[in-house]
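Asker: The following block contains the structure, expressed as C-alpha cells.
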Ligand code: NAD
Ligand code: IPM
Ligand code: MN
C-alpha cells in the first residue's frame, strides 16, 4: 500500500516523539511491504519562528491533500506572551477546524503491566479500566467569539460557548457508533444544570440515543464525572462530551490509566482522513532530554493505520509491540515503577520497533 502522510513535528518534545513513531512505521513498512511518503509542514512555534504565523495557508492545503496527518505537539514558554491569534495553539485549532475534524477519539486503557503506574488503590483498579473519550473538537468555547475590552475603567474579557443541534448530533452519532463496537454504554457529560448549550446537548443526545436501543445512555454532570473518574473508573465505557469538558476529562482519564504519556488520539471527520496526535502537550520541562514517553504518539500512529488506512493487522502489530515492551519491563520515567528498567525516549522507540 502507498500512502502520503503529512508530518508535523512541532515544538518541545514533538520532534523527539514523532521520530520514534517514524521508526516504528518504518518497521511496519519493511515487514508488510508498504510505502509511506512523508511531507513535513510546520505548525505552532516552529511555524511562528519561520513564517510569523502558527499555520500558513500552504501548510493547511498540504495537509488537506494528504491521506493522513501525524502530529507531535505544539506550544511552549517561548511563545506564551504572543496575542491569542498568533499563539502556537492557534495553529492546532486552525488545522482541526480547517480539516473539519469534529470527532476526537481518546482511548484510555490501563495496560495490566502498568497497574503500578496507576495512582489508584488496588481494590479500585481491580482488573483494570478501558474507556474512550469521544470529545467534540470544532465547537464550543474554543471557537466562539471572544474579546477583551475596557469597560468602566477595567479590562473585561469574554469567551462564548455555542453549539448547534447539528454539531451535537454528529458527535453523538460517533459516540454511539463506537459504543456499539465496545461495551454498549455511553455516559454523556454536560453541565445541563447551568448551561443552555448543555441542555440542548442533552436533548439532542437523547434523540440520537433513541436510534440505539442496544446502547445504554446515562447523563452525568461534568463535576460529578471528574469525581467518578477517580472513585470508580470501571463504570466508564464511552464518555461523550463537548470540547472543553473533553479536554479536561481526557487528561484526568490518562492519569487514571498510568500517564498522559500513554494517551493516544485520533481527530476525525466524516471521511477516512484523520489527524493523529498524542493527547499531551509539548512538555517543555523535559524537551530535548530524551525523557519523553513516545508511546502515546506510537499508539496514535497505530490508530492512523487502523482508521485511515484499514491496516488492522499492522495496527495490531504496533499495539502488541507496545504491550510486549511493557511486559518485558521497560519504562520511561513517567510510568516507572519498582523492578522495571528505565529507558529514554529513543531506546523505547527502538525496543518497540524491534518487537513489531
Ligand atoms: P503537557 O502535556 O505538555 O505536560 C504536562 C506534564 O506532563 C509535564 O510535566 C510533562 O513533562 C508531562 N508529559 C507530557 N507528555 C509527556 C510524555 N510524552 N512523556 C513524559 N511526560 C510527559 O501540558 P502543559 O505543560 O500544560 O503544556 C505545555 C505546552 O503544550 C503548552 O504550550 C500547551 O499549550 C501545549 N499543549 C499542546 C498540545 C498539543 O499540541 N496537542 C496539547 C496539550 C498542551
Ligand atoms: C489538547 C490540547 C489542545 C486543546 C490545546 C493545545 C489547544 O490541550 O489537544 O488536548 O485544548 O484541545
Ligand atoms: Mn488538552
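Here the Cβ of each residue, glycine as well, is placed from N, Cα and C on the backbone.
Straight from TrEMBL, here's the annotation block:
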- 4-352: domain 'Isopropylmalate dehydrogenase-like' (DOMAIN)
- 76-89, 281-293: NAD(+) binding site (BINDING)
- 96, 106, 135, 223: substrate binding site (BINDING)
- 142: site 'Important for catalysis' (SITE)
- 191: site 'Important for catalysis' (SITE)
- 223, 247, 251: Mg(2+) binding site (BINDING)
Asker: Tell me the Cα distance separating residue 142 (site 'Important for catalysis') from residue 287 (NAD(+) binding site), rounded to the nearest angstrom.
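Answerer: About 26 Å separates the two Cα atoms.
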Asker: Given the recorded Mg(2+) site (223, 247, 251), which additional residues of the same chain have their Cβ within 8 Å of the Cβ centre, ordered by sequence?
Answerer: 222, 226, 244, 245, 246, 248, 249, 250, 252
Asker: Is any of the recorded positions 80, 142, 191, 283 within 10 Å of residue 223 (substrate binding site) (Cα-Cα), and if so, which, in sequence order?
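Answerer: Close recorded positions: 191.
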Asker: Among 80, 84, 247, 283, 287, 291, please name the binding-site residues whose Cβ is nearer than 6 Å to ligand 3.
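Answerer: With ligand 3 as the reference and 6 Å as the Cβ limit, the list reads 247.
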Asker: Mind telling me which of the binding-site residues 80, 251 has the densest Cβ neighbourhood, counting other Cβ atoms within 10 Å?
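Answerer: By the 10 Å Cβ neighbour count, 251 comes out on top.
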Asker: Please tell me which one of the binding-site residues listed here (80, 247, 251, 283, 291) sits closest to residue 135 (substrate binding site), measuring Cα to Cα?
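Answerer: For residue 135 (substrate binding site), the spatially nearest of the binding-site residues is 247.
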Asker: From the Cα of residue 251 (Mg(2+) binding site) across to the Cα of residue 80 (NAD(+) binding site), what is the distance in angstrom?
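Answerer: Pair distance, Cα basis, whole Å: 21 Å.
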Asker: As a check: which entries in 96, 142, 247, the recorded positions, place their Cβ less than 6 Å from an atom of ligand 1?
Answerer: none
Asker: Just going by other Cβ atoms within 10 Å, which of the binding-site residues 76, 84, 88 has the emptiest spot?
Answerer: 84
Asker: If you count Cβ atoms within 10 Å of each one, which of the binding-site residues 283, 287, 291 comes out on top?
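Answerer: In terms of Cβ crowding, the pick is 283.
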Asker: At a 10 A cut-off on CB-CB distances, which of the binding-site residues 223, 247 has the highest count?
Answerer: 247
Asker: Counting every protein chain present, what is the number of Cβ atoms, excluding its own, within 10 Å of the Cβ of residue 106 (substrate binding site)?
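Answerer: 26, counting other Cβ atoms within 10 Å of residue 106 (substrate binding site).
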Asker: Whole-number answer please: how many Å between the C-alpha atoms of residue 106 (substrate binding site) and residue 76 (NAD(+) binding site)?
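Answerer: So the alpha carbons of residue 106 (substrate binding site) and residue 76 (NAD(+) binding site) sit roughly 23 Å from each other.
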Asker: For the recorded positions listed here (135, 191), tell me which residue's CB has the most neighbouring CB atoms inside 10 Å.
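Answerer: It comes out as 135.
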Asker: For residue 142 (site 'Important for catalysis'), write down the residues of its own chain that are at least 6 apart in sequence and whose Cβ falls under 8 Å from its Cβ; none is a fine answer.
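Answerer: Those within reach of residue 142 (site 'Important for catalysis'), by Cβ under 8 Å and sequence separation of 6 or more, are 93, 243, 244.
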